[in-house]
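Peer 1: Below are the features I grabbed from TrEMBL:
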BINDING   B:Thr44  pyruvate binding site
ACT_SITE  B:Tyr131  active site, proton donor/acceptor
ACT_SITE  B:Lys159  active site, schiff-base intermediate with substrate
There are 2 protein chains.
Amino acid sequence: MFAGVSAFPLTPVRDEELDEDALGLLVARAAEAGVDSVGVLGSTGNAPYLSVDERRRVVERAVLEAGDVPVLAGVGALRSTDVVALALDAADAGAAGMLLAPVSYHPLTEAEVLGLYEDVTSAVPLPLVVYENPRTTGVTFSDELWRDVAALPHVVAVKSPGAPGGVGAARDRVAHLRSLVPTHVGVGASGDAVAVAALAAGADTWWSVLAGVAPGVAVRLARAVRERDDALVTALADALGPALDLVTRRGGVRVAAALAEHRGLVDGPCLPRPLRGLDGAETATADAALAAAERL
Amino acid sequence: MFAGVSAFPLTPVRDEELDEDALGLLVARAAEAGVDSVGVLGSTGNAPYLSVDERRRVVERAVLEAGDVPVLAGVGALRSTDVVALALDAADAGAAGMLLAPVSYHPLTEAEVLGLYEDVTSAVPLPLVVYENPRTTGVTFSDELWRDVAALPHVVAVKSPGAPGGVGAARDRVAHLRSLVPTHVGVGASGDAVAVAALAAGADTWWSVLAGVAPGVAVRLARAVRERDDALVTALADALGPALDLVTRRGGVRVAAALAEHRGLVDGPCLPRPLRGLDGAETATADAALAAAERL
């Protein structure tokens, strides 16, 4: 499940209130551009910053706008009881699956992380994507933890940062993850600067921030990878390079917000405070890179 | 403000519901033992795991039980609008001050951290303790950030991890922090294994997890430091050593929960899931260390 390009849009706010219409536009654009799934309330969707009520409205609106494209809903929260409640809400609202990272304040032990996934999978029978994000959660999964979590019921895929170092390194990483998870569990990579290499190396899914704000380019890049059009893959990746470097250095959410504001897809500032987007020079760099890719 | 020993109790849950009576007992014990302030909803108080309503009830109960002892209320949350709402609630409920760490999901930039403190101090005129906790927030304050934040209105004290390396290192650290903040701002240390050295080195406050669960020993240790009873300071610190090592390795919240459960101060398990306490051997080690200190 959730193979191909999975687009992770922002959850825009306007004057600190959820901007449902802007979210709806982002989801509809991604679906129309041909992404394979839409992942709302991921890290780029700022899930932990939103209330339970806001999160339910986001899933409902996304399901409405996505049409036949399946919607994956982030259900991460600090407290297990909240995660279960969010997962039940996501299922009620029509999400095709849930995405769960071990959101932490006190850095979690591996036993605590496993317990969280056990609690949720035993309470909510919704397809689950296991989400490793060391940058935001502080948790790096050991091989043993991957084995234990991926073997739980309802797990359908994993979302893990791609390996830097090109297609060779990506192939090693994908093979290693496949050796840890059951064969029915898909393996996908996040981190747009390296996830394309993972796709070229045989990963099932590109979990993509870029596809949330520029779905046309992301879909075209993924298709070029699938068709082994190496010249186009290289040209697109080179053009996008400065934008993807900014994603690595400044965080995908800030780059996506700056691009969405600059291009008039949302009313800025669209991030909940204290988060802020990029400065003017960075925004110009990201926009120029994206525009160059769009011209190819 | 908030000089001396500031006790940071747990916020116990029972079957995942806030256990107000157990919280009240912990606060009352600390106040009776002679701590100088009580800090509810700190990291040990699991603030980010609790709802706005639960947090308001915690402050109200703590103020009731603490009597004349001032109550400091943690107001940390991911979103600035939530922080401001929590700060207003804390003021309404009778807190003498608020404690704010830059709680993060996306690692915050220094401009974002400063913006958070600006938003809160401009909206809520309650004395503020600025709280640096790299372990839980991922944010380490630069010298420039300390200068900018500590100069904001209403800032009365800072809470920063003590420096490892004994009284000499602690003296350097306290002097460095004092050079960065206005003279009316108190400087205090957290991290029980090193904070006692900071107190001996002239810090104004020992922000103490130990005092939340074993206030008698903490007050006695702080008094021995003040009276320069080096023999008793050394004996108490040596006795407590194995427990304080566990605080460093496993996190204060897990050690405090294990001790409180083992000693019948709370009904176990008292931490919100996915958090768990210590295993049996670790609990025995912590309890034996505390008992040894209590016999001195």
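Cβ coordinates are placed from backbone N, Cα and C, and glycine is handled just like the others.
Annotations in TrEMBL come from automatic prediction, not curation.
Quick one: how deep are these features, and who are their neighbours?
Peer 2: In sequence order, B:Phe8, B:Pro9, B:Leu10, B:Val209, B:Gly212, B:Gly252, B:Val253, B:Ala256 constitute the residues six or more apart from B:Thr44 (pyruvate binding site) in its chain with CB-CB distances below 8 Å.
In the three-state DSSP scheme, B:Tyr131 (active site, proton donor/acceptor) falls into the strand class.
Around B:Lys159 (active site, schiff-base intermediate with substrate), taking its Cβ as the centre, 27 other Cβ atoms fall within 10 Å, counting all chains.
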Peer 1: If one measures from the C-alpha of B:Tyr131 (active site, proton donor/acceptor) to the C-alpha of B:Lys159 (active site, schiff-base intermediate with substrate), what distance in angstrom results, rounded to a whole number?
Peer 2: 5
Peer 1: Using a 10 Å cut-off, grab the number of neighbouring Cβ atoms around the Cβ of B:Tyr131 (active site, proton donor/acceptor), all chains included.
Peer 2: 27
